[in-house]
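Chemist: Handing you this structure, nothing more for now.
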Amino acid sequence: MELLTTNNVWMMVCTALVFFMHLGFSLLEVGLTRQKNAINILFKNVFIICAGLLTYAILGFNLMYPGSFLAGVIPDYFFDLFGLSAPVADGALDLAYNEGYTYWTDFLFQGMFAATAATIVSGAVAERIKLGSFMLFSVIYITIVYPIVGSWKWGGGFLDGLGFYDFAGSTLVHSVGGWGALIAIYLLGARLGKFGKDGQSHAIPGHNIPLATAGVFILWLGWFGFNGGSVLSADPSLTSITLVTTCLATAAGGISAFLVSTIAYKNYDLTMFLNGILGGLVGITAGADLMSPFDAVLIGLVAGGVIVFGVSLVDKLKLDDPVGAVAVHLACGIWGTLAVGTFGSMAGFDQFLTQLAGVGIIGAFCCISAFVILSIIKATMGLRMEEKEETEGLDAHEHGMDAYAEFGTVHDR
Amino acid sequence: MELLTTNNVWMMVCTALVFFMHLGFSLLEVGLTRQKNAINILFKNVFIICAGLLTYAILGFNLMYPGSFLAGVIPDYFFDLFGLSAPVADGALDLAYNEGYTYWTDFLFQGMFAATAATIVSGAVAERIKLGSFMLFSVIYITIVYPIVGSWKWGGGFLDGLGFYDFAGSTLVHSVGGWGALIAIYLLGARLGKFGKDGQSHAIPGHNIPLATAGVFILWLGWFGFNGGSVLSADPSLTSITLVTTCLATAAGGISAFLVSTIAYKNYDLTMFLNGILGGLVGITAGADLMSPFDAVLIGLVAGGVIVFGVSLVDKLKLDDPVGAVAVHLACGIWGTLAVGTFGSMAGFDQFLTQLAGVGIIGAFCCISAFVILSIIKATMGLRMEEKEETEGLDAHEHGMDAYAEFGTVHDR
Amino acid sequence: MELLTTNNVWMMVCTALVFFMHLGFSLLEVGLTRQKNAINILFKNVFIICAGLLTYAILGFNLMYPGSFLAGVIPDYFFDLFGLSAPVADGALDLAYNEGYTYWTDFLFQGMFAATAATIVSGAVAERIKLGSFMLFSVIYITIVYPIVGSWKWGGGFLDGLGFYDFAGSTLVHSVGGWGALIAIYLLGARLGKFGKDGQSHAIPGHNIPLATAGVFILWLGWFGFNGGSVLSADPSLTSITLVTTCLATAAGGISAFLVSTIAYKNYDLTMFLNGILGGLVGITAGADLMSPFDAVLIGLVAGGVIVFGVSLVDKLKLDDPVGAVAVHLACGIWGTLAVGTFGSMAGFDQFLTQLAGVGIIGAFCCISAFVILSIIKATMGLRMEEKEETEGLDAHEHGMDAYAEFGTVHDR
Amino acid sequence: MKKIEVIIRKSRFDEVKKALHETEVNFFSYWDVTGVGNEKQGHVYRGVSYSTSDIQRRKISLTVSDHNVESTLETILKAAHTGSVGDGKIFVTPVDEAYRIRTKEKGTDSLS
Amino acid sequence: MKKIEVIIRKSRFDEVKKALHETEVNFFSYWDVTGVGNEKQGHVYRGVSYSTSDIQRRKISLTVSDHNVESTLETILKAAHTGSVGDGKIFVTPVDEAYRIRTKEKGTDSLS
Amino acid sequence: MKKIEVIIRKSRFDEVKKALHETEVNFFSYWDVTGVGNEKQGHVYRGVSYSTSDIQRRKISLTVSDHNVESTLETILKAAHTGSVGDGKIFVTPVDEAYRIRTKEKGTDSLS
Ligand SMILES: Nc1ncnc2c1ncn2[C@@H]1O[C@H](COP(=O)(O)OP(=O)(O)O)[C@@H](O)[C@H]1O
Ligand SMILES: Nc1ncnc2c1ncn2[C@@H]1O[C@H](COP(=O)(O)OP(=O)(O)O)[C@@H](O)[C@H]1O
Ligand SMILES: Nc1ncnc2c1ncn2[C@@H]1O[C@H](COP(=O)(O)OP(=O)(O)O)[C@@H](O)[C@H]1O
């Protein structure tokens with residue numbers, strides 16, 4: 001009982017921290033984009049956490065943790081699909097749920113995770129997607145795609161059976177979001193003016209770097225809960241080594257992205273430093289409990305490099321990702337998942353292949369799902385704002401509001 | 001002992017989170033008002049938390065938790081009124097205080113709550129009240145009115161005896177602040193330019209919506225402590241269901257305010273979404289430990305509607321509430337308190353009447369107190385800035401400082 | 001085991017809070033300086049936390065907690081100097097480390113502290129130091145000077161033997177940073193335009209006071225972990241009294257700085273209020289576990305006065321400290337350390353002398369070290385940006401980026 | 001046609017705008033400038049009191065047809081006036097030609 | 001020499017800039033102003049819908065030699081045009097003298 | 001009376017202001033504009049290096065009486081000068097009339 005209480009306290013603290021990541025994402029995204037779309041970006045982020053929690057309660061949670069599958073792949077969702085299936089009805093609570101924490105804590109912690117996956121997409125598609133279309137897509141993605149993928153590993157599905165390992169979600173959360181982002185920016189096209197007629201890439205600087213920096217600090221803080229809570233108990237040794245590997249990989253990711261980008265571009269680029277920090281965080285997430293501090297530093301160092309080259313690769317592919325979501329969440333998510341087979345206590349060639357298989361299967365499923373959902377939306381409601389609306393700003397057209405009514409308004413039609 | 005330690009850890013974490021709400025309020029208020037008064041608003045918020053803690057230590061805490069009353073109503077404050085009455089003097093600590101947490105944790109947690117009530121008023125009276133008058137009012141309100149009301153229920157007074165239920169303070173904290181705000185904006189009058197000669201309401205847009213959004217996220221985070229800590233222990237089932245109901249009601253409040261305002265005004269209004277989130281938080285606060293997740297969603301949905309119509313009602317009454325404090329804290333506070341009689345495990349007609357009685361008695365007491373205090377201040381020091389000062393900005397006149405010295409200063413006399 | 005788990009949870013929460021202080025410092029510093037140097041300031045802060053953690057892992061931690069000394073002064077760093085010396089290699093964790101928390105938690109908590117010392121310097125030298133030189137200095141300072149000083153007391157060195165007391169680091173963290181800041185601003189000289197030819201001091205207003213205010217709230221929040229975690233266990237009575245004294249001293253520091261500066265300058269100066277809050281925090285840090293609430297209030301009241309006069313003294317000495325780091329961290333750090341001999345359960349003349357000795361010895365060591373390191377850097381790489389670069393802004397010259405690309409860019413060469 | 005450039009206190013802007021509207025002058029552009037002049041203002045920042053003559057002003061620029069110049073000037077002179085140092089200035093300058101981009105109209109037709 | 005002052009929609013700015021560059025006019029200054037005119041825009045804020053004619057515009061100021069005036073005007077009239085109310089205005093005013101600070105050149109030499 | 005409009009580097013502003021004060025020109029207005037001209041600047045943002053000729057400048061506008069024009073021009077030409085590309089421009093334009101709003105004074109009396 002005492003231990004359950006302590007575990008539950010830790011899990012609730014972690015839940016609060018993961019919740020707080022949504023502010024981190026909001027500030028990061030709003031800071032790295034333009035003033036004329038700031039309200040729109042905030043709206044999307046606020047929507048995702050609210051809608052995400054509700055849909056996860058209605059459907060996602062029971063879909064993700066089914067324990068039983070049809071053919072080992074499709075979660076067997078004939079029971080308990082709609083609404084939370086509280087262990088005991090009517091307020092009385094079942095403390096026997098497990099040793100780590102209560103059923104309710106579990107739901108809330110997982111719900112916060114679910115909303116994260118859609119937030120990742122939000123940054124990538126910023127400044128040009130229709131609000132309604134985005135809301136529809138993200139609800140479907142959180143409610144169906146994310147939990148099905150999650151069920152394959154965390155819900156005890158076939159990937160779990162295969163031995164695939166993903167501690168806190170480099171693949172199950174970040175890559176799921178990252179693949180969605182990749183498909184979405186491919187289907188949406190780049191923002192007007194991002195690529196010149198000659199194909200040359202233009203910079204579209206973010207309008208508020210101090211807020212973006214605050215967002216990154218908040219995300220790092222949130223990751224104490226994201227990884228620390230994924231231990232699913234307050235086990236002293238596991239939680240504390242997890243926090244140490246998380247922080248060291250993050251620090252290494254930042255320093256490495258800073259050094260690589262300084263060498264590559266002869267310039268102290270703060271946004272690369274910040275992306276490197278996030279890359280380190282995503283990279284360590286799959287194996288945060290398996291690594292020694294030294295392994296963690298190595299994983300972070302590589303992640304920092306992945307970021308710098310990932311960002312420039314996305315650019316070369318003429319894909320437009322204003323916040324670097326694909327490099328951070330997809331590229332580093334893949335790297336982190338593979339790193340489980342390369343470093344730390346599970347390393348080994350077989351494990352590496354299993355990790356690769358997991359990455360591939362989930363990638364294929366996410367890409368196909370995202371492609372189908374987005375294509376249907378594109379064909380029906382349309383995905384992208386009209387050229388005039390995009391030029392004049394989404395805030396003016398979708399919201400009729402200014403983010404900074406007194407610092408030079410941007411309304412103009 | 002182990003359990004006490006765990007409980008105490010949880011309560012300290014919650015205390016820190018409730019403290020952090022003061023940043024949430026600061027950012028929300030500063031974001032929804034104009035640049036020329038930003039320093040003034042920040043000053044008020046910083047003042048309230050500092051002065052609130054000190055006066056609560058000197059007087060409020062002992063007034064609120066007296067255990068004994070004259071005629072059951074007036075806290076019997078002849079003993080131990082001034083200064084904290086540490087259970088054992090001279091540094092040695094009494095751990096026998098109770099099972100949940102230490103005396104000191106209790107004081108600090110309650111002190112953070114106390115300051116919240118005055119902060120609510122701060123937002124409503126922004127941009128026109130004299131700083132000195134506001135500081136005086138808020139000190140009196142935190143030191144006397146809030147603890148007396150609190151003592152009636154949480155201090156074991158007559159409302160507690162009647163069976164009135166208010167888990168974490170929909171009425172005891174939020175409505176107390178909300179009534180104060182209502183009386184204050186009535187006595188103060190609207191900001192210049194808010195209502196045209198024809199009586200038409202004009203919008204005065206806030207100057208920094210990203211900060212306001214950050215404020216709302218921080219408030220939501222703080223509510224993990226506000227409601228979670230009101231369990232007064234780390235009891236796993238109670239704390240975790242409380243967090244679940246809190247988050248679901250909040251999400252529902254946001255979504256509902258967003259939908260209702262989109263239908264009513266044909267526009268995706270972020271500020272309504274944000275107010276809806278806060279409405280959901282306030283609405284669930286009175287019964288967060290009594291509700292099933294489904295009840296919580298219903299309470300939130302109603303709260304979202306209350307917000308949209310509350311904001312427009314306040315406007316129709318020609319009251320000027322820049323941040324929506326009356327709709328959020330008063331209207332949703334009342335709704336939340338009544339919801340205890342309507343939904344959840346205590347629901348029943350008798351309970352509903354008791355809740356109504358509590359709302360009415362406390363409302364009457366707060367209105368009268370606020371009216372008397374503010375009228376005396378108005379008659380002596382004056383409440384409102386002069387027209388010239390208000391036009392030119394409180395920052396220039398009270399502080400001689402600019403919030404953003406380089407983004408277009410606002411000093412101008 | 002249960003107790004260890006609980007202690008460890010508390011320590012991890014505190015670690016996260018101390019980490020979050022780095023956002024507080026970032027926002028405070030960026031808010032109190034000019035737009036044209038905002039990227040630079042953020043870069044420095046992001047760098048410090050990343051580099052600080054890595055160097056502390058590589059060298060600092062083992063240097064600081066050696067347990068053995070040469071001649072009682074120089075940490076005996078021949079063993080285990082490089083790399084974390086995990087109690088048991090290869091992932092398996094030693095839970096027998098101590099009763100309070102695991103080895104890893106200890107490392108991470110201490111690592112967050114270490115980075116703090118360098119951050120203090122960062123604010124003082126803002127807007128004119130070369131980025132490369134600052135990075136070099138701060139790495140050396142965190143890796144060598146801070147751990148050696150720390151080892152003298154917290155590592156069981158000679159100051160510990162003398163009976164010197166410094167609970168959470170008024171001297172060991174804040175003064176160490178403060179002395180570094182003092183020497184650095186002396187060697188660097190004032191920002192162009194700070195002092196007129198006639199020697200008159202000019203104000204250089206900060207560009208974003210709302211962010212600075214947010215920074216102060218975040219620092220206060222972080223101090224729950226800074227002081228609360230310095231108990232090194234979750235002991236209910238010690239942790240909770242520590243939080244109470246911390247918060248009361250802080251509140252008193254703010255109110256006192258506000259009152260004193262209002263009397264002195266006939267003006268409600270928010271920046272003084274904020275500095276007063278920080279002064280109260282630093283002041284209580286040395287004896288937070290020894291003081292009664294009343295003592296804490298007194299310490300805070302004095303700290304508030306120290307701030308107002310400290311800021312003006314630094315100015316009179318023609319030293320230029322944009323964020324008030326010397327007044328906050330050095331002056332109040334000294335005051336807090338001496339207060340251990342004046343108030344609370346250890347007060348006494350002998351203790352006072354011991355405290356004074358500690359302040360003096362550490363001050364001398366820090367000044368000499370900082371002077372030597374900075375002088376060498378000055379002679380080789382140079383410390384200060386060129387006049388043209390400083391006028392045009394460090395962001396343009398070191399980073400080629402704008403903090404607010406749309407609110408009036410500042411690039412101009 | 002004449003261009004009338006006005007520098008006023010920001011706090012008089014609403015008055016001036018209303019007054020212009022009442023005289024049927026419904027078209028102009030404005031932006032914020034910093035003015036240096038006779039007026040001084042006191043500020044305090046972290047204990048340093050200082051006084052500056054760099055004061056935020058609003059600049060209005062409008063082009064009117066010749067026969068509207070007088071009435072517009074009078075309107076502004078009245079609405080922007082407080083009588084204290086710092087009320088601002090009006091400058092009248094010649095305009096050779098004006099165009100409305102939408103219709104390509106020229107001259108006074110383009111102004112309204 | 002003539003000074004050409006243009007008030008355009010912010011959203012046409014990139015077009016205008018490109019068009020000017022194509023006619024070899026590579027020097028000008030611009031800033032954001034608020035324009036009051038015939039165009040109205042709807043906003044909503046916390047449940048209050050309102051319509052305002054204060055609309056963000058961009059002002060371009062450039063001085064050209066006399067023989068460049070016509071072509072520059074044409075370029076702008078074309079590039080800034082959308083046909084809806086609110087396209088903006090162009091004003092042409094006389095310039096007595098111009099200097100390039102770097103070289104102290106005067107007159108049309110100083111313009112490029 | 002003449003209106004002198006100056007576009008300078010922001011980093012020269014303090015010098016220019018001081019120099020103007022020394023020649024007893026204590027009244028003017030200024031604001032920030034973006035200038036397009038011969039100067040180019042390199043930036044980097046998330047790995048994309050780019051060079052732009054849109055550079056932040058400060059615009060000063062002041063009206064002086066005819067006999068002050070020369071001295072003011074000289075002062076500015078000197079104080080704003082660095083010799084590198086991008087030092088900016090000065091334009092002198094005619095002013096028909098000037099008013100001081102506070103006193104309703106006209107002409108050169110209104111300027112100081
Ligand atoms: N000659 C001038 N050219 C441009 N702007 C001027 C000139 N003289 C004054 N101003 C502007 O007018 C404002 C008010 O002038 P000031 O001298 O303070 O007051 P007053 O006109 O009442 O004597 C100044 O802040 C400045 O912006
Ligand atoms: N006489 C004027 N003087 C200065 N600016 C003007 C004048 N007339 C119009 N403007 C500017 O031109 C903008 C567009 O004018 P508007 O009347 O809305 O559209 P249109 O020119 O298509 O009729 C206005 O917002 C305003 O900034
Ligand atoms: N004809 C013009 N009209 C308006 N502004 C101009 C003109 N020519 C130059 N400018 C302004 O002057 C600034 C400096 O000019 P630039 O061509 O870069 O340097 P330089 O004058 O040294 O050759 C430009 O950024 C622009 O703001």
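Glycine is treated like the rest: Cβ placed from N, Cα and C.
Reproduced below are the annotations present in TrEMBL:
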TRANSMEM  B:6-30  transmembrane segment
DOMAIN    B:9-404  domain 'Ammonium transporter AmtB-like'
TRANSMEM  B:42-65  transmembrane segment
TRANSMEM  B:107-126  transmembrane segment
TRANSMEM  B:133-155  transmembrane segment
TRANSMEM  B:167-188  transmembrane segment
TRANSMEM  B:209-226  transmembrane segment
TRANSMEM  B:238-260  transmembrane segment
TRANSMEM  B:272-290  transmembrane segment
TRANSMEM  B:296-314  transmembrane segment
TRANSMEM  B:326-349  transmembrane segment
TRANSMEM  B:355-377  transmembrane segment
Chemist: Select the range from B:107-126, B:167-188, B:296-314, B:326-349 that forms the most Cβ-Cβ pairs under 8 Å with the transmembrane segment (B:6-30).
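Modeler: Highest pair count goes to B:107-126.
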Chemist: Would the transmembrane segment (B:107-126) count as touching the transmembrane segment (B:167-188), if touching means at least three Cβ pairs under 8 Å and pairs must be 6 or more apart in sequence?
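Modeler: Checked: the transmembrane segment (B:107-126) vs the transmembrane segment (B:167-188), in contact.
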Chemist: Excluding the flanking five residues on each side, which residues at least 6 beyond the ends of the transmembrane segment (B:42-65) place their CB within less than 8 Å of a CB in that stretch?
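Modeler: Sequence-distant neighbours of the transmembrane segment (B:42-65): 19, 22, 25-26, 29-30, 75, 77, 80-85, 107, 110-112, 114-115, 118-119, 122, 126, 131, 134-135, 138-139, 142-144, 146-148, 150-151, 154-155, 398-399, 403.
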Chemist: Could you tell me whether the transmembrane segment (B:355-377) and the transmembrane segment (B:133-155) have 3+ CB pairs under 8 A, leaving out pairs under 6 positions apart?
Modeler: yes
Chemist: Look at every Cβ pair spanning the transmembrane segment (B:355-377) and the transmembrane segment (B:167-188), keep those 6 or more apart in sequence, and say whether at least 3 of them are under 8 Å.
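Modeler: Yes; at least 3 Cβ pairs under 8 Å.
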Chemist: Mean pLDDT across the domain 'Ammonium transporter AmtB-like' (B:9-404), rounded to an integer, is what?
Modeler: 92
